[in-house]
Amino acid sequence: MATELTAARYGKTKVRVFRIVREGSWHNIVEYNVEALVEGDIATSYTEADNSVVVATDSIKNITYCLSLHISSIAERFALHLGTFLVSKYAHLSKAFVTVEQLRWTRIHVAGEASPEGHPHSFYRDGDDKRVVNAVVDATGGKDKLVATVTSGVADLLVLKSTGSGFTNFYRDEYTTLVEVDDRIFSTSVDLTYTFAPLRIAAPTDEKKLEFVMPLQKGEGGYAGSVWDEEVPGRARAATLETFAVDESASVQATLYKMGQRIIAENASVTSVSYSLPNKHYVPVDMKYIGVDNLTPSKAEVFTPIAAPSGLIKATISRT
Ligand SMILES: O=c1[nH]c(=O)c2[nH]c(=O)[nH]c2[nH]1
């Protein structure tokens, strides 16, 4: 029997990092869940039990912690830093795939407090949605010609509107039982990713590569391609929420497209936007048994949330 190793990638996942950035008594915090996987000349570790080519996943975890000392609040920057480090430090590793999931921590505001920016060291979790960054750092064209592809976005942003949504004029045939409605609940858990133009990254020159800090901020130079814009995550989240709220939704599909159009329009560095939107159905309860009309869409007040099945609407909108 002939076999061949056709793909191989390994690394550490679920590396949990919490970092305090101390500016005297003023603290900034970030919490990341990190995955860092690598590809390269590692085939013999699978095919010949040759561990000499394996940078242990434990070491990859340790590197993640070390680079955490350089964390800024910009998850993209951290992901690129880690990916660049891995392919620069190890000659035989040619690609790094880094995913950073950032959890929400928002500063608490205390009534009468001195600082309008909030409490110096106290925070709360103000939502279960996460910022998610995927960075691929590719050294296959040479260690001095690193190319990075970055997609960022939001996961698990749960939204609901109680009207301003309908679904009519859909295709009908012998399988159609769905009734047209001009008023319904629209709820979804937004998964959004947006892609930046590929970046060229200056190879680290620092001998001690741990001290190498990514030259990724505006004006620092060292990379070509799109201009890095730290405001994109906030704008993309706001565009998603606001479009969802104000759109007189003809369908999940139509609202999704408007959200994507707005993100592309507002963010020059974004080349494409993808959404994955489950249509979380809420079914009006038939309350005829107590003489209440709860089935007329615009009058319905009592619903059963249906966990499964749900619709699932996906699309990518690209700049042309
Ligand atoms: O917005 C919607 N899009 C659909 O494709 C669909 N299909 C369905 O049954 N309900 C809905 N709603």
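Cβ from N, Cα, C; glycine included.
Annotation comment: TrEMBL describes K12, T57, H281 as active site, charge relay system. Per TrEMBL, urate binding site is recorded for T57, D58, F167, R184, V252, Q253, N279. Per TrEMBL, 5-hydroxyisourate binding site is recorded for T57, F167, R184, V252, Q253, N279. Annotation comment: TrEMBL describes T57, N279 as O2 binding site.
This view paints the features noted in TrEMBL onto the structure.
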{"residue": "K12", "record": "active site, charge relay system", "Cβ contacts under 8 Å, 6 or more apart": "V34, E35, A36, T57, D58, I60, K61, T64"}
{"residue": "F167", "record": "urate binding site", "Cβ contacts under 8 Å, 6 or more apart": "L178, E180, V181, R184, A250, S251"}
{"residue": "V252", "record": "urate binding site", "Cβ contacts under 8 Å, 6 or more apart": "F186, T188, L277, N279, G311, I313"}
{"residue": "Q253", "record": "urate binding site", "Cβ contacts under 8 Å, 6 or more apart": "I313, A315"}
{"residue": "H281", "record": "active site, charge relay system", "Cβ contacts under 8 Å, 6 or more apart": "P305, I306, S310, G311"}
Filtered recorded positions, from F167, R184, V252, H281, whose Cβ is under 6 Å from an atom of ligand 1: F167, V252
CB contacts for T57 (active site, charge relay system) [other CB atoms within 10 A, all chains]: 16
Cβ neighbours of N279 (urate binding site) where a neighbour is any other Cβ within 10 Å: 17
5-hydroxyisourate site span - longest C-alpha distance across T57, F167, R184, V252, Q253, N279, in Å: 49
For T57 (active site, charge relay system): DSSP state (helix, strand, coil): helix
Neighbour tally for R184 (urate binding site), based on other Cβ positions within 10 Å of its Cβ: 22
